[in-house]
Amino acid sequence: MAAGKSGGSAGALFLKALDRSESKRDGGFKNNWSFDHEEESEGDADKDGANLLSVEDEDSEISKGKKLNRRSEIVATSSGDFILKTYVRRSKTDGFKTLKGNPIGLNMLSNNKKLSESTAGTALCSGTVVHGRRFHHAHSQTPGIRTAAQRKEYPPYVHKAENSPVMLSHGQGGDHIMKKTEESESYVESEIKRKVQQKRHCSTYQLSPLSPASKKCLTHLEVSEQREYCPKCGKEKENQTKCQSCGIVFHNDLQRNCRQAVTLNEPTGPLLRTSIHQNSGGQKSQNTGLTAKKFYGNSVDKIPIDILVTCDDSRHNYIQTNGKVILPGGKIPKLTNPKERKISVSDLNDPIILSSDDDDDDDDRTKRRESTSPKPADSACSSPVPSTGKVEAALNADACRAEQEPRSSPAEPELNTIVIPRKARMKDQLGNSISTPLKRRKVNSHAAFIHPMSLSCQNFESVILNCRSIRVGTLFRLLVEPVIFSLESITIHLDGPESDPVDIILNTSDLTKCEWCNVRKLPVVFLQAIPAVYQKLSMQLQMSKEDKVWNDCKGINRITSLEEQYIILIFQTGLDHQAEVVFESIITDIGIRNNVPNFFAKILFDEANSRLVACTRSYEESIKGNCAQKENKVKTVSFESKIQLRSKQELQFFDDDEEAGESHTIFIGPVEKLIVYPPPPAKGGISVTNEDLHCLSEGEFLNDVIIDFYLKYLVLEKLKKEDADRIHIFSSFFYKRLNQRERRNPETTNLSIQQKRHGRVKTWTRHVDIFEKDFIFVPLNEAAHWFLAVVCFPGLEKPKYEPNPHYHENAVMQKTPSAEDSCVSSASEMGACSQNSAAKPVIKKMLNRKHCLAVTDSSAAQEESEPCYRRNAYSVKCSMKKKNHAINENEEPSNGESTCQDICDRTQSENGLRDECFSSVHHPDALSKIRLNYGDQSADGGKLLEDELIDFSEDQDDPDDSSDDGLLADENYSSEIGQWHLKPTVCKQPCILLMDSLRGPSRSNVVKILREYLEVEWEVKKGSKRSFSKDVMKGSNPKVPQQNNFSDCGVYVLQYVESFFENPVLNFELPMNLMNWFPPPRMKTKREEIRNIILKLQESQSKDKKLLKDSLAETSLGDGAEQYASASGGSE
């Protein structure tokens, strides 16, 4: 009866607890069961899942040989008012059961439970049905498998501290849960302790009846423990398997639960992972002598890989293996056989420490990360699972995919493996990877193009190539349009200067020979044809013996002269490979069609050059035979004779001077440094190489290195100290950097364009104040053309007049008695009638000269209607000159010219300028056309951009004056320059002079940018604002000596700077004319002069280096001798 009553009261209490669990949000289906007071919070109940029962308790009960045959166990208290009844599910099989819910995917077991231990003898129930409901722990029926983390195999020196499970009881006074703490077990004396919080493993082991210690705790409601003693020494047991004092082994405990007692002290018998297959049903392990092979059965030999752990859908995090991140569904590296791998005690990983205490959450996470981080090992893959064995888990993030894919076996091809090449795994003696040099496949450009082109060249029946000239016998013509080569004909278009355009069509069937030279510096083709072709060309091109264009003294049918047997086509540039293949294919097909053997042939450069030289020599001899030719033909003869002479000297063929100037050669060879100027230890040295020296060859453009070098050489070598202190020369890169566009920068978004420009070059003047200088030289390069900008007197705010040191009062009184008064008079005091009356004789004199441009009365009227802001001194000088002409109107023109020439001669030594008023400078027609076109563009631009134009005078804006033939402006300027010595004062005003050797349109934008730079620089240096507008800082484009080719612009820039100090400008009133600043013949030797300077510096610097080396060698020898002498003396 008492048992029935107690059973009924226990059932009632259980139903009440069941009702409470159903009222919770999890519905009572969680795998943590706790029975507590009704006022307990849900959070506390959730934490009790790990504190309900301990597997250690059931171990103690199983060790006594008790077996559970009931589906439930009733634990009664001494008071009889509470009975704890625990329901567990039993599995139909003897395998293990996987525990879920662990956040790191590990199955935690109790202490001292090896994976090799079995649970034979415990039959798990399938569940318990109460009131129509089945109670279980929300786990599947699959057999449980304990992972390596559940083994809890600690090294001997590690203490293990366990938290005993919490025993629950129901007291009348509402007693709370009390914990029982077992004393920590230790293998060796060590300070390392591990705290393991146990969880319930009801699905893995059958819950046994409570141990006597547990019953005692529940009965007396106190924390106590039943102590056991060693049967041999009588001391208290601290370990259930071995006595710590005498070392005796407890055999009864070793055989409990039919587990094999495998200790870590045994070096043999490696700890193996569990198989992924469950043991055969009904097979049970023996109590003693259980080996790994018997425990796993044949599955160990068949399955060499670990289990594929399927992750929950909610845990699609990246899985780390061997320190690398593998995406979900990714392939896992190949796993090796665990039987072949052994591990020592020192290689064991630390187990994970779990605790339900909230205060230790952070520490647990840190330790968990440390324990899961793989150690460097020579295994193919390191698993994130901490274990003591050879852990090689093949992880797959996709659960569905893992279930569908069959498990791999050694017999199956390993498709999910990543194999590293053997060469990549090779290591040297030190264990480092062997880095083999990257071998690049050598690509033969010739072979790469020949194959595809040779297959498709039959599809090309014609090719258009650019040719620069043609020679037919002794006839030479330049070609403007390209030549068309086809299988049927060769079409050449000639545009004669005096005749109508002619189209020459050579039928390929009439050709007898084609010789081809495809050298980069001389690509040329020599064609030979039947005599009828020469006769046709002679008529078509109007060749005659009188003109000596084609001399066939021996008859057309008996052509023996070398120069008359070829039709020569000289190409613009060397053909690329594709064009060459097509061209040669067409010529080869022509020879096949004409059935001519050896029709196409390639010749060397020397042979091609000798043929061209022979053609030119023959032409010169034919010209010498006819001395009674017309004047224009004589010019042509002399023109061609120059070519012949150059060909003799250089053994190189050029068509004419223009072509020779345009033919640029490319520097080939190793680059070697010649000099550093100034040499060390001076700062700012410029290195000049042999490649830079190549730029000084005729026809080559000067580069920035030569420009910067020579400008620095002028300042340091040729200028006086006081002159060098008055100037500042910017680098040739200054303006480019000033005007360079940059990417958007958040720091400069609020700055203006002027400030952004200045910010790029603000450090260029950190050591100099440019406003204290008189002249600032800025070399500029735009569109591959060099020109010079000179900022004059940037520190002045207005024009400044100073006494003229070269003023001659006697000369002024003799020529113009009123000149002194007119120099100080204003524009309103000038007589307009005298200017009008003097203008006509001047124009008449200019019209009488055949080399001057026609000047109409409208131009004179334009001069008279100039704005009032024109400089007074210039107007006074013009009026003085015109008055002088009016006085001498009745005299002969020669007298007036001689008088002007005398004045110019007298002022030559004083001003450093020689002005020949009526000399004309001839330039090539092409340059004249370009300048005229630029002049027209500048005139149009002046109308459109009146506000942007710098303050250029009428001579720059007038198209006629922009050309070199505008001598009216030259004459006016010459009188101004020639009469500098007649003025008592000279003007110094802030201005920007642009000196261009190839005058074109006004470069107003350059002056504008320089003005804006000066404004910001003034604000930065002086701390105040100042305007550098066109009213304050005027811009002018003075007339300077002009180049007669297209490559000497840089040489002229250097000469402008040099002449600025050799023949200084005294008066800076605008406009100014410097056309005769230096003699033109000097420019022909300027390149050679700079070259010689560099070579001399190289020689001197090489000598200095040699002397320095010799001195160092002598010093080292002397030191060595002294050391030797001292050493020998000490030994004696």
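Positions of Cβ are set from backbone N, Cα and C atoms, glycine also.
A quick note: this is a predicted structure, and the numbers were derived from the prediction, not measured.
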Candidate annotated in Swiss-Prot as phosphoserine, out of Ser346, Ser355, Ser919: Ser355
Record feature phosphoserine (Swiss-Prot), assigned residue among Ser190, Ser203, Ser356: Ser356
Cβ packing number for His785 (active site), 10 Å threshold: 16
Euclidean distance between Cα atoms of His785 (active site) and Cys1049 (active site), Å: 6
Across the region 'Protease' (686-1132), average pLDDT on the 0 to 100 scale: 68
Neighbour count (Cβ, 10 Å) for Cys1049 (active site): 20
Helix, strand or coil at Cys1049 (active site) [DSSP, three-state]: helix
